[in-house]
């Protein structure tokens, strides 16, 4: 009985192993028919979407040291140093810094800034060997990043989730095609069209009821 029991367990385990191997191979074969999801970085780089929140850009001359960015930041991240000018009777900005090693890129500071001195960029290449180098002061924050599409040594690729319908390879992107997602004016046009269609249906229903 012990021998037969062991044989039965062995056969059961063999069937389970074959089942799991079959499931794994099914996933492999399924991905063989899909488009590639890898990017040959740094020779290829993704073009960020329209609403991508990358490194913060700061304009020193526009800042009024109101510290609203500090108050709306979930982690109180921006460091704003200012001095009070007794002659002008107002604050004068001395220094401004953001530590991108801690920043969660929520862009609350950009949204609530009253003078628009803060803006988000497409820059996502912030890797460094020393985390202290991620603490950007006003000079570093004032530098504008270079665009992926302007680098002759890089092949720009659109984000795979935003490829146009019918396009499965980001290398074969049609010229002049939209970058990623829908632009605000397109969303607004769709909303207006939907609202007009709804108003037309209501008018038709009212005429039929009368």
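Cβ from N, Cα, C; glycine included.
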Hey, Swiss-Prot has [4Fe-4S] cluster 2 bound by 103, 106, 109. Any idea which of 66, 73 it lists too?
73
Other Cβ atoms within 10 Å is the metric here; tell me which of the binding-site residues 109, 113 scores highest.
109
Quick one: of the binding-site residues 73, 103, 106, 109, which has its CA closest to the CA of residue 63 ([4Fe-4S] cluster 1 binding site)?
109
Let me know the most crowded of the binding-site residues, choosing from 66, 69, 103 and counting other Cβ atoms within 10 Å.
69
Least surrounded among the binding-site residues, given as 63, 73, 106, when other CB atoms within 10 Å are counted:
106
Pop the Cα-Cα gap between residue 69 ([4Fe-4S] cluster 1 binding site) and residue 103 ([4Fe-4S] cluster 2 binding site) into the table, whole Å please.
13
For the domain '4Fe-4S ferredoxin-type 2' (94-123), would you mind checking the mean pLDDT of the predicted model?
93
